[in-house]
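**Q** Annotations for this protein, taken from TrEMBL, read as follows:
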DOMAIN    B:133-197  domain 'CBS'
DOMAIN    B:205-261  domain 'CBS'
TRANSMEM  B:287-307  transmembrane segment
TRANSMEM  B:313-340  transmembrane segment
TRANSMEM  B:361-383  transmembrane segment
TRANSMEM  B:389-414  transmembrane segment
TRANSMEM  B:426-449  transmembrane segment
Protein chains: 2
Amino acid sequence: MQNEEPIKDANELLEKLENLHPSDIAYSLRKIENESVDDFFYVLKTIPDELLGEVLLELPDNLREAAYTELSIQRLTDAVDLLESDDATDIIQEIEEIDIEKAKEIYDGLEEEDKKDIEWLKRYEEDEAGAYMQTELFSAKLNETVGESIQRLKTAKANDELINIHQVFVVNEEKSLIASISLEDLIIFDFDKTYEEILNQADEFKYKPFKVSDNTHIDEVAKQVEQYDLNVVAVVGYQDMLMGRITSDDILDVIEQNATEQMYQLAGVNEGFEHEDNLITTAKKRAIWLFLNLGTAILASLVIGLFDQTIQAYVALAILMPIVASMGGNAGTQTLAVMVRQLALGDIELENAKDAVKKEVFISLVNGLLFAIIMGIIAWIWFDEKLLGLVIALSMVVNLFSAGFFGASIPLVLKKFNIDPAVGSTVLLTTVTDIVGFFSFLMLAKVILL
Amino acid sequence: MQNEEPIKDANELLEKLENLHPSDIAYSLRKIENESVDDFFYVLKTIPDELLGEVLLELPDNLREAAYTELSIQRLTDAVDLLESDDATDIIQEIEEIDIEKAKEIYDGLEEEDKKDIEWLKRYEEDEAGAYMQTELFSAKLNETVGESIQRLKTAKANDELINIHQVFVVNEEKSLIASISLEDLIIFDFDKTYEEILNQADEFKYKPFKVSDNTHIDEVAKQVEQYDLNVVAVVGYQDMLMGRITSDDILDVIEQNATEQMYQLAGVNEGFEHEDNLITTAKKRAIWLFLNLGTAILASLVIGLFDQTIQAYVALAILMPIVASMGGNAGTQTLAVMVRQLALGDIELENAKDAVKKEVFISLVNGLLFAIIMGIIAWIWFDEKLLGLVIALSMVVNLFSAGFFGASIPLVLKKFNIDPAVGSTVLLTTVTDIVGFFSFLMLAKVILL
């Protein structure tokens with residue numbers, strides 16, 4: 001069984017290394033580092049090259065950075081040399097951010113072919129498919145026999161050059177991707193046949209490869225992997241030239257990361273700055289959102305200020321007014337979360353957006369009426385004033401309606417303008433529900449009560 | 001390239017069916033249904049059996065239910081018969097919810113072996129690994145040669161009984177799972193060797209299978225798949241008997257679903273009731289959370305009520321008081337989102353929780369001081385009253401501090417009591433930030449200003 005208790009003793013961990021998955025080693029190292037930083041570095045310096053790179057990749061950012069500083073150029077070079085191209089590139093780029101000289105020396109120590117791959121992969125923006133692809137893959141030419149290609153696979157595997165192979169990518173003379181044949185099909189073929197023969201006999205669409213262009217946005221790649229239940233996507237460049245592949249484990253991380261970002265954005269948190277060592281930086285980034293919220297809150301206060309005499313005449317209004325704003329804010333948040341998420345998942349699209357808005361408005365009206373009655377009666381009894389109950393009831397309907405309408409519309413409008421619907425929509429919505437909440441309540445009170 | 005424009009014409013779609021992925025057919029069907037329900041049923045009734053089941057699975061819930069009602073027992077039986085066991089079970093169970101008689105007749109029409117599988121899979125709770133596994137897999141016995149097993153794979157694939165095969169699961173005489181060998185290794189072996197010979201020559205841990213027990217919670221399975229970058233997990237029962245496998249595409253859905261649930265829970269939305277056809281049901285479920293929030297808001301109002309004379313004397317207090325509560329609520333929401341998400345991802349655990357709380361308290365104090373200064377000056381100038389600035393500044397520090405402290409602690413306490421930290425934590429936090437916000441502001445005002 002996996003997921004055993006972490007090993008907290010440095011020497012015990014080193015002894016058991018070979019039975020452990022790099023992810024488990026990294027987990028144990030986190031525990032060891034908690035107890036003693038020296039032990040942490042001792043293990044890192046002692047574990048074999050073929051594990052070091054994989055373990056580094058599984059460590060949290062701050063520990064990985066510490067390791068980059070502490071480990072020698074030679075050790076880092078050996079570790080990077082054994083990684084797949086995408087991971088090697090990530091590590092080199094991370095070291096560059098800390099110590100550009102060290103990164104350069106490590107890079108210089110790599111094999112020529114690895115250098116070329118890394119140079120190429122570094123060109124991509126971090127959200128492009130190319131930045132996620134590994135260049136190591138199993139490909140075959142049309143005129144090759146299955147047996148010949150398997151012989152190459154055997155050699156590559158013996159040299160630890162290829163792992164995680166699920167299919168052979170068939171390319172033509174120009175290296176354009178023609179077909180993708182999964183190993184489950186390959187293994188039952190006649191090994192003496194050429195790929196050309198196999199493809200000619202097969203149904204045209206049977207081995208059609210799933211592919212994306214190297215500059216495709218990674219979120220789009222993730223959508224395709226999800227939609228078509230893929231294990232691997234081929235990445236192609238100019239004229240469909242096969243460049244690399246992206247595996248589902250990378251996509252899983254992308255999906256998890258995107259969900260985190262969305263949750264954070266709705267809460268006014270900038271995901272990218274949450275793992276900073278310097279807490280002041282994290283605090284600053286959060287302060288930006290709080291600052292926007294302060295603006296909203298002051299606007300709401302200005303609205304209240306318009307009715308200062310009404311409040312002075314009826315102090316019950318000051319007591320009750322946060323209820324209306326709070327209920328509107330909450331109902332709006334419900335709608336917002338549903339809209340943002342369903343837009344992200346593709347369950348709602350701009351075309352059928354009208355139905356979604358109608359649905360949300362209907363729900364908010366139903367609940368507006370429900371809570372109008374409840375809160376109307378409570379206010380009436382509490383302050384023994386029937387009209388006050390009427391004021392809060394009417395205001396509840398108005399505010400929950402606008403919460404539903406704007407909670408549904410704001411993300412759609414943002415999306416229409418190609419802005420991420422999760423970003424800023426909470427602040428915009430709060431502005432609406434606060435202002436509508438306070439204004440409707442106090443205005444109705446002024447008209448009805450005074 | 002995938003993801004072409006959806007085909008909106010029924011006959012055109014039927015013509016091009018064989019070139020399309022079931023997921024694309026389902027997408028086109030959604031568009032067709034938007035235009036004409038008749039055309040939607042026409043396509044469904046006409047597409048071949050081997051596609052029907054897969055297409056049904058990709059349709060949104062409401063369209064799938066419509067299809068269950070409209071399609072004949074014979075068509076549904078033929079479609080279910082061709083699905084993998086886990087999908088077949090899902091469909092049978094969904095039809096049971098609509099029409100138990102129809103479900104029974106479909107079940108009766110299936111092959112004996114499928115019936116047994118479905119009966120077995122139906123036993124599992126919906127969040128158990130067993131409910132997600134498919135029983136179709138490629139296994140081999142120890143004394144079998146690789147070649148013999150591949151011959152069986154060939155037959156099974158020719159009969160369309162197996163797809164998506166990535167490894168062979170090796171079992172002993174008692175059907176206990178011994179090893180998992182990926183096809184990339186298998187394909188380069190000597191096909192005349194038995195599995196026993198191969199395993200005896202290999203390193204003890206090389207083919208150690210990743211496995212979970214059939215009653216493992218699916219979230220735990222998802223965690224392992226993520227942690228170890230797996231494509232497939234074996235599911236075992238009593239004495240490690242091999243029962244089925246779970247593939248990474250199912251795990252991807254689990255992860256996406258969990259993220260959605262978490263976002264919804266934080267916003268007070270019950271994910272399970274968001275896709276109801278009956279909007280009143282959705283409204284009711286959301287009303288429960290709004291009701292809890294109303295309780296919180298009334299508590300906050302009671303606190304304000306304690307200071308009615310103070311407010312009457314100083315109406316500026318009524319104008320400013322929502323600012324303190326709003327800032328506290330927002331800062332708390334930031335902390336809450338970070339804590340809930342990092343607890344879910346395993347980045348924060350109960351052991352290192354103290355550090356996380358410290359971090360959040362530090363950040364909230366920094367921002368508390370920042371906004372105390374900003375808001376203190378604004379209030380001072382706005383109402384030309386130095387002491388009012390002091391009151392709101394002090395109150396801002398108190399409230400942002402408690403927002404950070406409780407925003408970090410509430411999810412941890414919930415987790416400690418084995419309650420999902422996302423559920424209810426928003427309402428609990430709002431209660432704290434509202435009450436602390438209003439009380440600290442009005443109490444300080446009473447003491448300092450009057």
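Counting begins at 1 with the first residue displayed.
Placement of Cβ uses the backbone N, Cα and C atoms for every residue, glycine included.
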**Q** Against the transmembrane segment (B:313-340), which of these stretches has the most C-beta pairs under 8 Å: B:287-307, B:361-383, B:426-449?
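**A** Stretch with the highest Cβ contact count: B:426-449.
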**Q** At a C-beta cut-off of under 8 Å, are there same-chain residues at least 6 beyond the transmembrane segment (B:287-307) that contact it? List them, or none.
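**A** Beyond its ends, the transmembrane segment (B:287-307) has Cβ neighbours at 268-270, 317, 321, 325, 424, 427, 430-431, 434-435, 438-439, 442-443, 445-446.
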**Q** Could you pull out which residues elsewhere in the chain have a CB under 8 Å from any CB of the transmembrane segment (B:426-449), counting only those six or more residues past its ends?
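**A** Answer is 266-268, 289, 292-293, 296-297, 299-300, 303-304, 306-307, 310-311, 314, 317, 320-321, 324-329, 331-333, 336, 387-388, 390-392, 394-395, 398-399, 402-403, 406-407, 410.
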**Q** Are there residues at least 6 beyond the ends of the transmembrane segment (B:389-414) whose Cβ is under 8 Å from a Cβ of it, and what are they?
**A** 320, 323-325, 327-329, 331-336, 339-340, 343, 350, 353, 356-357, 359-365, 367-369, 371-373, 375-380, 420-425, 428-429, 432-433, 436-437, 440-441, 444-445, 448-449
**Q** Over the span of the domain 'CBS' (B:133-197), count residues by DSSP class, listing helix, strand and coil in order.
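**A** Counts, helix then strand then coil: 20 helix, 18 strand, 27 coil.
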**Q** Going by DSSP, how much of the domain 'CBS' (B:205-261) is helix, how much is strand and how much is coil, in residues?
**A** 27 helix, 16 strand, 14 coil
